[in-house]
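According to TrEMBL:
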{"type": "BINDING", "residues": "T117, D172, N200, A201", "note": "S-adenosyl-L-methionine binding site"}
{"type": "REGION", "residues": "133-166", "note": "region 'Disordered'"}
{"type": "COMPBIAS", "residues": "141-155", "note": "compositional bias 'Polar residues'"}
Amino acid sequence: MAASMRLLLRRVIRLSHRYNNVTAAGGSARSGCCWGPSTCRCFSDVAGDRSTHFGFETVPETEKAKRVYKVFENVAQKYDTMNDVMSLGIHRLWKDMLLHAMHPQPGARLLDVAGGTGDISFRFLEYVRSQQERQKRRTARSMQTPSSQDISDNYSTEDEDTSQESRAVVCDINKEMLNVGRKRADSMGISAGLSWVVGNAEELPFDDDQFDIYTIAFGIRNVTHIDQALQEALRVLKPGGRFMCLEFSKVTNPVLARIYDAYSFQMIPVLGEVIAGDWKSYQYLVESIRKFPDQEEFKHMIEDAGFYCVKYNNLTSGVVALHSGFKL
């Protein structure tokens, strides 16, 4: 009940803040306004009815979430297949790089937002399991002739590992994506330490200071209010927790950029039609990448949200960027 009341209070405060921004900037909640070249917003006659982008199309903010939901509902069944085809399998390497940069330790709690089909969470649980196995092998090698104290300490360590089991929570607004993820987990025999939650990145259904790591892979560009999603990430992380975002970005190599653009706009929608029977959804996904802020701009957005030590690494010449920051 307390958590629900806090969520409701935050929603009221945010709506009030938006209204005050409108009236302060334009003098009237019913007039058009613009308060700076990088934060210009256009309004209809209805207060708070702002516009945003859906790919290259301009739509009311209230409509974008519904459209994005429909896109991922349509592509959910073929989502993982299309990821392999579109990226020629390279998306697997990008996600592996994310996990190696994360380097989670046993007992860590992960929140994987927009993680519908579970790729990041599966990798997280496997990585932590391999870390535990590696620690056990090192311990076994160092205990060739163990004393009674060594044996006792070993049992204590095993009990501690059990009590500090790592957990991954997959949170996604789209129920169909979560259903696909659950089926994948069942087929892979993954159940321990894994939870599935329907939730909006802009209003996460979790209390403050709950997670050690927050990840969002190829999902934040689909959020209507990226700044709110970043603030929610900060809220649910524990002090010392880490934010990590894997997202398509701006290609730094001019030659590769031209090839990438041609491939994106001419081939990906065609592949979407042939494999998933859905041209329009993959046309949107390509366009949404071009509308997302570049590496430096997104870095500043993460810093503005309150994260520290923010940095990014370009992968595949900036086709994808891995951003990270810490909550202090």
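A Cβ is built for glycine as well, from the same backbone N, Cα and C atoms used for every other residue.
Keep in mind the model is a prediction, meaning the values are calculated, not measured.
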Long-range Cβ list for D172 (S-adenosyl-L-methionine binding site), cut-off under 8 Å, min separation 6+ in sequence, same chain only, gives V113, A114, G115, G116, L178, G181, V197, V198, G199
For A201 (S-adenosyl-L-methionine binding site), the number of other Cβ atoms found within 10 Å of its own Cβ:
23
Excluding its own, the Cβ atoms lying within 10 Å of the Cβ of N200 (S-adenosyl-L-methionine binding site) add up to 18
For a quick check of packing: other C-beta atoms within 10 Å of the C-beta of T117 (S-adenosyl-L-methionine binding site), how many?
23
